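Down below is the structure, laid out as structure tokens.
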Number of protein chains: 2
Amino acid sequence: METIQIGMLGLGTVGSGVLQMIQHNEDKVVNVTGRQLNVKRVLVNHPERHQDVAENIELTTSVEDVINDDEIQIVLELIGGIHPAKEYIEAALRNHKNVVTANKDLLATYGPELVKLAHDHHCDLMYEASVAGGIPILRTITNSFAADKITEVKGIVNGTTNYILTQMSQQGWSYDQALKAAQQLGFAEADPTNDVTGKDAAYKMVILSQFAFGTQLAVDDFAVTGIDHLNGFDVQQAGKFGYVIKLVGIAQVIDDGVFVEVAPTLVPADHPLATINNEYNAVMVTGEAVGDTLFYGPGAGGLPTANSVLSDIISVTKNLVLKTNGNFFNNYQRQYIPAAPRDVVYPYFLSIMMPDVPGQMLKLTQIMTEIDASFSQITQTEADGLAHVVIITHEMTAQQLADFKARVAKDSSINLGAAYKVLK
Amino acid sequence: METIQIGMLGLGTVGSGVLQMIQHNEDKVVNVTGRQLNVKRVLVNHPERHQDVAENIELTTSVEDVINDDEIQIVLELIGGIHPAKEYIEAALRNHKNVVTANKDLLATYGPELVKLAHDHHCDLMYEASVAGGIPILRTITNSFAADKITEVKGIVNGTTNYILTQMSQQGWSYDQALKAAQQLGFAEADPTNDVTGKDAAYKMVILSQFAFGTQLAVDDFAVTGIDHLNGFDVQQAGKFGYVIKLVGIAQVIDDGVFVEVAPTLVPADHPLATINNEYNAVMVTGEAVGDTLFYGPGAGGLPTANSVLSDIISVTKNLVLKTNGNFFNNYQRQYIPAAPRDVVYPYFLSIMMPDVPGQMLKLTQIMTEIDASFSQITQTEADGLAHVVIITHEMTAQQLADFKARVAKDSSINLGAAYKVLK
């Protein structure tokens with residue numbers, strides 16, 4: 001039986017998972033593809049630390065050993081980050097190697113360029129594992145919504161922040177307490193910046209938007225708000241109104257535009273996204289024909305991510321058998337126009353601190369009236385001589401919200417602590 | 001641009017949805033496949049009833065007009081039922097037409113035979129729409145779990161019964177009330193037998209098991225219990241214990257065997273399947289590497305099902321472009337061995353009526369002790385001079401449950417109304 005030789009760049013958690021799965025599930029892979037998979041060479045920084053696998057695999061500290069090996073047909077890039085991953089992938093593609101990667105930063109930043117390079121060299125470039133770890137969302141969008149018009153893709157695409165938010169909501173913890181717990185359990189890194197500022201989720205929304213709408217946008221094209229300034233009080237208040245706060249990435253077609261945002265968002269307790277807890281991820285895809293669908297699974301972790309990598313390897317292998325490599329992973333393309341702020345309509349959760357004196361609520365309602373917006377639910381509580389007013393508004397446009405913020409900013413007695421979208 | 005000509009057998013709700021989607025999403029289909037799709041001929045019983053589409057499409061009452069048309073490369077079978085759908089599909093495959101169908105009865109009954117015929121004639125046979133309408137579950141299992149060992153696939157795969165159960169649970173309705181409401185809203189047919197007896201769900205579990213485990217089993221190989229004898233009282237009691245009753249199809253690898261069943265099942269309120277309500281479907285797939293994943297969407301309906309049909313058509317079209325038709329939709333095969341009853345372990349919900357006299361509970365606990373099983377939760381209420389005892393047991397084997405039933409059957413004073421599995 002023919003063997004497909006694989007070269008690997010990096011041997012961390014995901015890489016070890018890939019090795020383990022290839023060994024454990026050899027029978028099934030042979031059954032499905034008619035080929036055997038073998039990891040021949042692995043690029044590592046410290047070969048002496050990987051002696052457990054060195055018996056069957058050639059460890060090397062030189063990337064050339066991997067990408068210049070004529071036997072190797074598939075290169076897995078699992079080192080992460082932009083550089084030198086980008087240069088390695090480019091070199092591999094130029095050497096006519098098919099490439100599988102889990103690198104969301106790279107794909108969200110240089111995706112179109114790398115996709116074109118792969119296509120020009122008749123090679124596959126697949127990156128299912130770059131979004132939502134174990135959830136096969138990219139392939140599903142490509143294969144199963146190909147004839148439908150996707151109108152919205154939204155979801156919880158960062159496990160670290162979802163773990164923190166779940167603990168804040170269920171245990172009543174502060175952000176700092178929940179972050180510390182997440183770090184102790186390995187759900188958050190020592191430097192959690194990329195996760196808690198929403199940047200990681202933003203990368204994933206860039207890739208999801210590309211698959212859902214055929215658009216090519218950059219993380220700088222849309223607003224990204226993390227959870228690092230989220231207040232435990234607001235989480236509890238949202239709960240009393242019947243909502244949970246989740247870090248939701250949303251990409252929504254509005255007329256001819258697309259509205260994209262990553263932000264803390266109020267999700268009704270009976271909404272499918274409200275039950276996605278801890279490190280799990282979920283992506284909802286809404287199609288004009290199919291309606292609402294949801295895909296749920298582990299958002300990270302060595303083996304779940306390795307499974308997505310393996311599903312890409314098997315797709316590449318099938319293409320090798322069929323001699324059909326070099327087709328686009330996703331070949332749907334469309335121009336991106338940002339939706340106008342007057343067309344983006346949501347209810348909002350507003351958390352406001354102001355002096356507990358007569359006339360303050362009047363000022364607030366006057367501002368709301370001036371921008372032609374109205375309240376749906378209000379709670380006022382008192383703390384330290386200040387009134388803490390929490391409001392759920394009726395639907396208002398992003399333009400109205402901007403006007404509201406501008407007017408409130410002019411009044412030093414009204415302190416707007418948070419303004420979050422509310423999902424229906 | 002090359003046009004792919006399609007022939008259609010049947011023009012009901014799904015067929016109309018397919019026509020509508022092909023027209024509405026022509027741009028995207030062209031973008032993805034580089035081909036135009038055109039429905040050329042449609043087999044109907046009463047052409048005069050379809051004059052709205054007759055301008056662009058040739059309507060015919062003769063199946064030969066469709067399957068002998070040299071221009072037609074894809075035949076959609078949408079008439080349903082076993083005969084004559086089977087003969088039509090066979091004739092189409094023998095004429096080297098690729099076939100797409102939504103026919104679960106046929107695929108669950110004659111799947112292996114038809115799959116072989118398609119392969120022998122180098123034609124595609126795809127049937128994504130046969131399971132869970134708008135959820136792209138079959139293609140996901142095939143493509144995205146190819147290297148993982150799936151250990152369990154379970155879910156809510158019948159929208160009619162899920163609608164009825166949701167109403168019974170949320171409105172406190174009886175089975176008859178909920179069924180009538182479902183019929184009025186079009187969620188249940190005038191003759192709901194296939195749905196409410198679990199047969200429809202069983203067909204889908206046959207197909208899901210085939211994709212998940214590579215097994216070829218028949219609906220007669222496993223136990224199927226519907227919801228038509230479900231008691232409103234038990235639904236309410238389950239609710240008080242913190243569970244909802246769902247019609248769950250389960251297929252689970254246990255050692256070298258597979259346990260398959262369709263039955264009313266208690267699902268904990270915080271389990272992802274508990275929030276799947278009304279006509280929606282959801283399938284949970286558990287992989288050794290990936291862990292728990294869930295796929296949620298509309299279980300039926302013209303357009304959602306049409307979307308699954310279209311995703312098959314686009315797969316076939318891509319294969320036509322790549323000249324790779326005739327590969328198996330799912331090519332994972334394995335032998336099926338039913339799991340031994342002593343290896344199938346669940347807690348059970350037992351609903352028992354008995355005379356409200358001293359000594360009855362003693363008899364019940366004696367039986368439980370004899371089979372070495374024990375209670376986790378018990379509630380006893382009284383109605384019409386009878387004691388209604390509802391129990392959640394600790395884990396017990398299917399063998400213990402059978403022993404329990406046999407012993408209870410010998411005692412005419414103990415009437416076991418229901419015994420349902422409890423999910424963890």
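Yeah, the Cβs are placed from backbone N, Cα and C, and that goes for glycine too.
Pulled from TrEMBL:
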| type | residues | note |
| --- | --- | --- |
| BINDING | A:Leu9, A:Gly10, A:Leu11, A:Gly12, A:Thr13, A:Val14, A:Gly15, A:Ser16 | NADP(+) binding site |
| DOMAIN | A:10-128 | domain 'Aspartate/homoserine dehydrogenase NAD-binding' |
| BINDING | A:Lys104 | NADPH binding site |
| DOMAIN | A:136-314 | domain 'Homoserine dehydrogenase catalytic' |
| BINDING | A:Glu189 | L-homoserine binding site |
| ACT_SITE | A:Lys204 | active site, proton donor |
Item to check | A:Leu9 (NADP(+) binding site) to A:Glu189 (L-homoserine binding site) - Cα separation in whole Å | outcome: 22
Checklist entry - Between the binding-site residues A:Gly10, A:Val14, A:Gly15, which lies closest to the residue listed as 'L-homoserine binding site', Cα to Cα? => result A:Val14
Checklist entry - What binding-site residues in the list A:Leu11, A:Gly12, A:Thr13, A:Val14, A:Gly15, A:Ser16 lie within 10 angstroms of A:Lys204 (active site, proton donor), counting C-alpha atoms? => result none
Checklist outcome for this item: Quick note, the residue listed as 'NADPH binding site': same-chain residues at least 6 apart with CB under 8 Å of its CB -> A:Tyr127, A:Ser130, A:Val131, A:Asp200, A:Tyr203, A:Lys204, A:Ile207
Checklist entry - Helix, strand or coil: which one is A:Gly12 (NADP(+) binding site) in, per DSSP? => result coil
Item to check | Near-site residues: NADP(+), ref A:Leu9, A:Gly10, A:Leu11, A:Gly12, A:Thr13, A:Val14, A:Gly15, A:Ser16, CB cutoff 8 A to centroid | outcome: A:Met8, A:Gly17, A:Val18, A:Leu78, A:Ile79
Next on the checklist: If I restrict to non-local contacts, at least six residues apart, and a C-beta distance under 8 angstroms, what lies near A:Leu11 (NADP(+) binding site) in its own chain?
Outcome noted: A:Leu19, A:Val42, A:Val44, A:His50, A:Val53, A:Leu78
Checklist entry - Given the model, what does the mean pLDDT over the domain 'Aspartate/homoserine dehydrogenase NAD-binding' (A:10-128) come out as? => result 93
Item to check | A:Lys104 (NADPH binding site) - helix vs strand vs coil (DSSP) | outcome: helix
Checklist entry - How many neighbouring Cβ atoms, not counting its own, are there within 10 Å of the Cβ of A:Glu189 (L-homoserine binding site)? => result 13
Item to check | All-chain count of other Cβ atoms within 10 Å of A:Gly10 (NADP(+) binding site) | outcome: 21
Checklist entry - Taking DSSP three-state, what's A:Lys204 (active site, proton donor) in: helix, strand or coil? => result helix
Next on the checklist: At a 10 A cut-off on CB-CB distances, which of the binding-site residues A:Gly12, A:Gly15 has the highest count?
Outcome noted: A:Gly15
